[in-house]
Amino acid sequence: MIQRIAIIGLGTMGPGMAARLARGGLQVVAYDVAPAAIERARSILGIAEGVLDSLGVTSPASGAGTVRFTDDIADAVSGADLVIENVPENISIKADVYRAIDGLIGPETLVASDTSGIPITKLQAHISHPERMVGMHWSNPPHIIPMIEVIAGEKTAPQTVATIRDLIRSIGLLPVVVKKDVPGFVENRVLYALLREAVDLVERGVIDPEDLDTCVSWGIGYKIAVIGPMALLDMAGLDIYKSVSSFLNADLSNRDDVAPMVLQKTNASKFGIKSGEGMFSYTPEQIKALQGERARKLVAVRRILEGRE
Ligand SMILES: NC(=O)c1ccc[n+]([C@@H]2O[C@H](COP(=O)([O-])OP(=O)(O)OC[C@H]3O[C@@H](n4cnc5c(N)ncnc54)[C@H](O)[C@@H]3O)[C@@H](O)[C@H]2O)c1
Ligand SMILES: Cc1ncc(C=O)c(C(=O)O)c1O
């Protein structure tokens, strides 16, 4: 049974994951190599907890869990039933973490990666007990989005998948077990198909960035939260899909490299909210306001989708 969880990496994803797991009654120890990341995580933990309150996420009868921060990786993983690796999307950085924890974790400890899409089979090559390693792909913001993908690599034991799936369920979240270890799993294959086309349309001057967002959010985005893609095909009619896709599929972006517009921005360190500029520009005040507003709206939508309002 999973009771103690170590989170390695406290950037965009780590603090919200820590808050959500603790609310589920688990004992979380949170570690990052960068002291500034630990301080930032400490300061935003309370905000995530406030959002969980407004979502009505309660703790089990046995009580709420805890989050403890540490700057020592050995301390973080000591006694952990599960280690969730949450460091940047780079195999060599992730492999360094697996090597560092290999001799520190117990014989029963499971290791999960929150990778956005590196096949788990590739990550397993860097750990001595690959049968205990699994993909556990959260969606951002992790304290609000309930769906988590669970992915087995070639060497993952079925029991490891079952334990993680049951853990996710036991704290009121929604596990989706992906049946094949394909790059990007399912959520990001679908998201990146959409993002490739969206970036291409903006880059080619077909639409302005603000209007692209209005079109997608108030068109397919709003709809798809209620009617998933497979159900949408039936709603539109497969005959319509056949007619449109017969001419449209061939015209969609099929570029297999990173779009120049994105490279230009990343080369200039324009990463988005984390650097103050990306597709749009943000002042620190705007970032704070946006994050609050987005959390409020996501909470309200989720309550309605769950039939609670
Ligand atoms: N950002 C998203 O929307 C999102 C969503 C789902 C999954 N993911 C995946 O989750 C993982 C983390 O993403 P993120 O967006 O939180 O990244 P991030 O860059 O915001 O944060 C990564 C953190 O890892 C820390 N770190 C780097 N090396 C480390 C080490 N050796 N030991 C401990 N900490 C270390 C960094 O200091 C940083 O705080 C990635 O694999 C990413 O693809 C990201
Ligand atoms: C752009 C982008 N890339 C990856 C992920 C998750 O792995 C997300 C997300 O969760 O929202 C994302 O937006």
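In case you wondered, yes, glycine gets a Cβ from its N, Cα and C as well.
Annotated NAD(+) binding in TrEMBL involves G9, L10, G11, T12, M13, G14, D32, E89, K94, S116, K274 plus, out of the candidates N140, N249, the residue N140.
In this structure, the binding-site residues G9, G11 were compared by how many other Cβ atoms lie within 10 Å of their Cβ, and the smallest count belongs to G11. H137 (site 'Important for catalytic activity') falls within a strand when secondary structure is assigned with DSSP.
Checking the binding-site residues G9, D32, K94 against ligand 1, the ones with a C-beta less than 6 Å from an atom of that molecule are G9, D32. Taking a Cβ distance under 6 Å to any atom of ligand 2 as the criterion, the binding-site residues G11, K94, N140 reduce to N140. In terms of DSSP helix, strand and coil, the domain '3-hydroxyacyl-CoA dehydrogenase C-terminal' (184-282) has 63 helix, 3 strand, 33 coil. For the pair formed by M13 (NAD(+) binding site) and H137 (site 'Important for catalytic activity'), distance between Cα atoms is given as 11 Å, rounded to the nearest Å.
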